[in-house]
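These notes are about the structure you will find just below.
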Amino acid sequence: MLLKASATSFAAISSLKQQDIFKDKVAGNNSLCWVPYRRPKREGLCSVRAITGETNSKPLTGVIFEPFTEVQNELVQVSKNSTQSFARQRFEDACEAALNEQINVEYNVSYIYHALFAYFDRDNVGLPGFAKYFKEASDEERNHAEMLMKYQNTRGGKVKFQSILMPLMEFDHPEKGDALYAMELALSLEKLTNEKLLSLHSVAQQCNDAQMTDYIEGSFLAEQVQAIKQVSEYVAQLRRIGKGHGIWHFDQMLLKGADAGGVAAA
Ligand SMILES: [Fe+2]
Ligand SMILES: [Fe+2]
């Protein structure tokens, strides 16, 4: 085996007495020996030649790692039947249950956004921009549920669905009108989802599950605060507009996705 090494490594290895290394080998001490070897005409680069022998309990580095001994514990724990996950490692039941709850949250929110899509798509409501916006929002929440399902499977948990509640189907409000009321409802749902995600994160934290906290932070929490900001701006704009003619322009903006920040599903 021939390995390249930096000049620093070469200097460190050079400090070993080669004679001593070979002496050990000849005396039957089967340690791993690294013999410095300098290539001619190539300054700054050097190679080391490793002479492998049988394993020895005396490591050069001082770090003892015996994989075939240490892996035995893991080996006996590999499930004998295929009804249990083979991949599961340091994944607590509490995390598995919390993930299933969050899947249900995302599905419920998706269902409400789908109801909003159906409402704004009616001929006697006639706001196709709002219909499009809430259809995309519904798809995105369902995608969140699916991301969590895939994550559950990645960690060796089991996805369990729970019931989805029947949402309201009428969204007109006597004072606010339907457009503002729907967007305020969306803002409340996004904040509620954020609360649920933070609870999920704290369960992972209590279980010392570093990978799960990292996943929730990177894939959900960052995006969630952006969604809240965007819907908040829509609420503010709709309050300025009121219930009149301006709603039609706002709807066209949603339809074309033409606002300054770009319209995307929350
Ligand atoms: Fe979501
Ligand atoms: Fe969302």
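Just so you know, glycine gets a Cβ as well, placed from its N, Cα and C.
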Out of Glu70, Glu74, Glu190, which one does TrEMBL list together with Glu106, Glu141, His144, Gln224 for Fe cation?
-> Glu190
Within the same chain, and leaving aside Glu106, Glu141, His144, Glu190, Gln224, name every residue whose CB is within 8 angstroms of the centroid of the CB atoms belonging to the recorded Fe cation site, in sequence order.
-> Val105, Val109, Ser110, Glu140, Thr193, Leu197, Phe220, Ala227
With an 8 Å cut-off on Cβ-Cβ distance and a minimum sequence separation of at least 6, pull the same-chain contacts of Gln224 (Fe cation binding site), or say none.
-> Glu190, Thr193, Asn194, Leu197
Determine the binding-site residues, out of Glu106, His144, Glu190, lying near ligand 2 in the sense that the CB is under 6 Å from one of its atoms, and give them in sequence order.
-> Glu190
What is the pLDDT of the domain 'Ferritin-like diiron' (89-242) when averaged and given as a whole number?
-> 97
Here the 10 Å Cβ neighbour count for His144 (Fe cation binding site) comes out at 23
